[in-house]
Amino acid sequence: MNRKDFLKSSTLFGAAALILPTTSAFAENLADNSIDKLVDANGNYIQQTLPYSETFLEPYMDAETLHLHYTFHHGGAVKGANKDLQMIKKALDENNLETVDFWTKKLSYHFSSHILHSIFWTNLTNKSNLPKGDLLKRIEKSFGSFDRLKVLIAATAKNVDGNGWGIVAYQPYSDSLVVLQCENHEKLTQWGAIPILVIDVWEHAYYLKYKNKRTDFVDALFNIINWDNVALRLNDALKLTL
Ligand SMILES: [Fe+2]
């Protein structure tokens with residue numbers, strides 16, 4: 001039984017009392033290999049529905065910001081990625097590669113945005129919880145303690161130059177958790193790293209409510225991080241890279 005099946009059956013039989021309500025919606029959005037389903041059967045990019053209502057994360061993330069963010073910023077990235085893909089196919093069909101580097105860069109930007117936003121929504125919940133089990137052990141091994149990770153990821157996210165993300169990822173090449181500071185959606189990564197927790201610090205993520213106070217937004221976000229989802233993502237990253 002894979003994670004998707006387990007989550008479905010455990011929810012059905014009520015054995016998932018400790019799993020937040022969003023978990024079953026999250027399970028519906030997974031591909032058979034338990035990673036986020038971001039493409040349809042034809043390879044076109046698709047945006048999954050939010051795993052909760054737009055008011056679910058109030059007051060830390062307001063409904064208007066969530067609506068605009070999900071619909072136009074994430075949604076726009078999905079549309080952009082599909083266009084980029086078509087333009088690359090067209091260039092190959094016509095054997096005209098003069099602009100293919102432009103569209104390839106665009107696709108990196110848009111698809112990376114799609115990936116990170118898809119993870120971001122599921123990383124959040126309206127009930128705070130804490131890391132435990134294997135996730136906590138891995139955090140302690142890589143950073144010393146959970147508090148040290150919190151300090152590091154918060155400082156990393158707050159200090160992104162311009163728009164970007166703070167990211168906790170599993171890095172299979174070092175078999176460790178790493179903190180990355182991503183600019184835009186695709187810069188400053190490490191090859192192979194699989195994001196398990198992402199913090200969006202683009203201005204569109206917070207400006208309506210927090211104005212210029214990105215620091216307040218990042219601090220507030222720790223009230224709604226779903227560490228149970230982070231743990232599931234770590235488990236999948238480990239399975240994917242075995
Ligand atoms: Fe965003």
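Backbone N, Cα and C atoms are what each Cβ position is placed from, and that goes for glycine too.
Just so you know, TrEMBL annotations are computer predictions that nobody has curated.
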From candidates His67, His69, TrEMBL puts in the same Mn(2+) site as His117, Asp200, His204 the residue His69
Under a three-state DSSP reduction, the secondary structure at Asp200 (Mn(2+) binding site) is strand
Residues near His117 (Mn(2+) binding site) by Cβ (under 8 Å) yet at least 6 apart in sequence within the same chain, in sequence order, are His69, Tyr70, His73, His74, Ala77, Asp200
His204 (Mn(2+) binding site) has its Cβ surrounded, within 10 angstroms, by a count of other Cβ atoms equal to 14
